[in-house]
Amino acid sequence: MAASTSIKEKQRPPKKGLDRGPWTAEEDRKLADAVGVHGPKKWTTIAARAGLRRCAKSCRLRWMNYLRPNIKRGNMSDQEEDLIIRLHKLLGNRWSLIAARLPGRTDNEIKNYWNYHLSKKRLEKQVLVAGIFSEEMGSTSKSGDQEMVEEKATTTSTSVSSKAGEDSEAKFDDFDDFFDFSNENPSTLEWVTKFLDFSNGLSVDGGN
DNA sequence: AACAACCTCAACCGCATCAGA
DNA sequence: GTCTGATGCGGTTGAGGTTGT
């Protein structure tokens, strides 16, 4: 983020007596206990009552991304990856919405996965396309296109992290084959249909 | 064995939105 | 209707582990 300062995160002083950095097992236990008592809401109350020197946001994040029950860990299956690609095409960078369709996966996890894995796959494909393109153009030396693609490879995160919608349409045409729902299982198809109905309704209403 | 490059994961921030006073 | 604090989301960063040379 451009808003991030050049000062390294971990070197910043803690905010008014609050701890920062990785959570300890003890903190996790306290947080889990507090959530058990108060429920996964009222994070300011939880942060205050749990005896943790952590802010409410930090507690919520820790719970949502790590301590919450039924969190699935480990590699993404092919089906999950496929679904992420399709949902991203549909929803853009709305990671929480995408995560809601992948039981046990967190928005943070999906975001991480997308930012590295899938953007990389896309770049590989771009390189391939650029290579074919320059061949068709009959260029023999290392083309400007290729250089551009290579340069793009160094700016992966910025192109991927643009606002939702901006990139999903224009930059992901390569995944159109993934976006064929004709063989989709009924539950996914049903949800996609509902979503499209809903979004169509919004656009007809002018978004209100 | 040492180093570099690659990859994963957890955590932080700022901003937007929501909800209650 | 406005203000303010709480909550949720998306973008970004960096530590640390793994793999390759």
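Each residue, glycine too, has its Cβ placed from N, Cα and C.
TrEMBL: automatically predicted annotations, no manual curation.
Keep in mind that this is a model prediction, so the values were computed, not measured.
Positions annotated as compositional bias 'Basic and acidic residues' by TrEMBL: A:7-19.
Per TrEMBL, compositional bias 'Low complexity' is recorded for A:154-163.
What TrEMBL records for A:15-67 (among others) is domain 'Myb-like'.
Residues annotated as domain 'HTH myb-type' in TrEMBL: A:15-71 (among others). Counting residues of the domain 'HTH myb-type' (A:15-71) by DSSP class, helix then strand then coil, yields 33 helix, 0 strand, 24 coil.
Look at TrEMBL and you will find A:68-118 (among others) tagged as domain 'Myb-like'.
Mean predicted confidence for the domain 'HTH myb-type' (A:72-122): the pLDDT average there is 86. Taken from TrEMBL, the feature domain 'HTH myb-type' covers A:72-122 (among others).
Feature annotation from TrEMBL assigns region 'Disordered' to A:1-26 (among others).
Annotation comment: TrEMBL describes A:138-168 (among others) as region 'Disordered'.
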